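Down below is the structure, laid out as structure tokens.
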């Protein structure tokens, strides 16, 4: 087999893995959009905040250390203990649920029946607030996140492909873990939404608030639940991205990459978020590989957006989105 | 209504009606300076079909919204099953067993008929978030049991053929029936119907009337309905409250109401002096 083709296959595989990570962020958007019609601009920042909190808890960092030291003139930074990974993750989940409850209580409860654009603006505000809040709470330095996920080249795949093709594929272990986790997450979310009482209630709330109330569904409970779920997905995305490239504030920018993913997959489809993520991941890697050298590279920065633009022209609802039909 | 006692009464067609399920006492509702309901009292009894009628803008829908918790009256008391009801959110009212339909149909358009009707069972499903999430034992049993009730309701209202159809594809008359099915699936102690015949043709109205009577007959469901089609109301209901300009101007059997001078005036539009 020619080297070029083998290299292309490796690029595709790596693209798929990168796509999974995009999909994880996009998934959080879809959840909130489906259940409340809110496009949550803060989803990326939530991933950042979740990762920051996880690192902070694990390392035994004192929250708001800078603030406390500045006001009281003390020098506290660390509690001096290390929290085991699993416990830290559970504590972080609790923090995300608390965040979901607070966000609903302070912001969205007061914006029931408002225009989508107003809700969207509120999430932009939330994004900037949360970014600053995370900064004050945990500090702005780049942190290393290590929850014990395997990293680096997978030797088994390397050996296997070398044996078959005489060319070893470089596949990162972390990407494999991310793929498995994303698959599990999507399957369980779809099952939850389709077959559980709360999932059905969630879809009902997304569809019609008044009707949902009339059958005995508490909007508040469902919204807090959905924001908690989105917080949990943000945590998973934060762990994956944080392990890959360190927990830093640029993490919140990956949310922007989720936008083209959503345009491709459709804002209302959980499987769509995954497929969209994979297409973007593979597409941009392949494009960079094939066309990149001709135009001087760096196509990964814009390829996804151009693809999304093309989709907007020909299929505005995305691949899996609900068809937009207005009866007149 | 000569034989009316606290324990109940017997209707003209010989059905036994029980005691008071819900009692509205001196309800007044204002929106800013506009008085929607003024000092209205009436009761709803076990097993009866109770209608609230009146011309447009009489305050009928406001009354229904008060009962279902969407509006909260400034004055008055609501007694439900012998207890004074504190101000409640609509979902809490629904959980107490008061189901309703809407004049402009409020269904979950993106979901199938079956899923829509299943949402009606939410108050009967007790399994917690985690039990549901891991989908075992109790949750599964519950789903099966509730599904059986839902299928019975679907059969009863003759909508088996559209079980798996998304609601958005259905014609108006069928949507109304699906909405009734969802309310009925809750096995409500009071079923509130907001203009169940609105926008229907004659044939659909006849179907709907038959279903309302059958529901009352078969399940013994207490029904309170709002309607401005006088003919339909008179045929269906056991007792009628008549409202005009937010006040109650008549209350009694269809015959009594029909011969009430105030009611005749309200409907024929006699000038208020």
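Glycine is treated like the rest: Cβ placed from N, Cα and C.
The transmembrane segment annotation in TrEMBL covers A:12-32 (among others). Taking Cβ pairs closer than 8 Å, the transmembrane segment (A:12-32) reaches residues 38-40, 43-44, 46-47, 169-172, 175-176, 178-179, 182, 185-186, 189, 226-227, 229-230, 233-234, 236-237, 240-241, 244, 254-255, 257-258, 261-262, 265, 267-270, 272-274, 276-286 in its own chain, all 6 or more past its ends.
Among the features that TrEMBL reports, transmembrane segment is placed at A:38-58 (among others).
The annotation transmembrane segment is assigned in TrEMBL to A:79-104 (among others).
Same-chain neighbours of the transmembrane segment (A:116-134): 36-42, 44-46, 48-49, 52-53, 103, 107-108, 249, 252, counting only residues six or more beyond its ends whose CB sits under 8 Å from a CB of the stretch. What TrEMBL lists as transmembrane segment is A:116-134 (among others).
Cβ atoms under 8 Å from those of the transmembrane segment (A:176-195) belong to residues 16-17, 20-21, 23-24, 27, 31, 34, 149-150, 154, 202-203, 229, 233, 236, 240, 270-271, 273-274 of the same chain, restricted to positions at least 6 beyond its ends. Positions annotated as transmembrane segment by TrEMBL: A:176-195 (among others).
Taken from TrEMBL, the feature transmembrane segment covers A:221-242 (among others).
The feature transmembrane segment is assigned by TrEMBL to A:254-282 (among others). Listed as Cβ neighbours of the transmembrane segment (A:254-282) (distance under 8 Å, sequence separation of 6 or more from its ends, same chain) are residues 12, 15-27, 29-31, 33-34, 39, 41, 43-45, 47, 182, 186, 189-190, 193, 237, 241, 304-305, 307-308, 311-312, 317-322.
The transmembrane segment feature in TrEMBL is assigned to A:302-320 (among others).
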The transmembrane segment (A:221-242) and the transmembrane segment (A:302-320) contact flag, 3+ Cβ pairs under 8 angstroms: no
Sequence-remote partners of the transmembrane segment (A:302-320) [C-beta within less than 8 Å, at least six residues beyond its ends]: 257, 259-269, 271-272, 275-276, 279-280, 283-284, 287-288
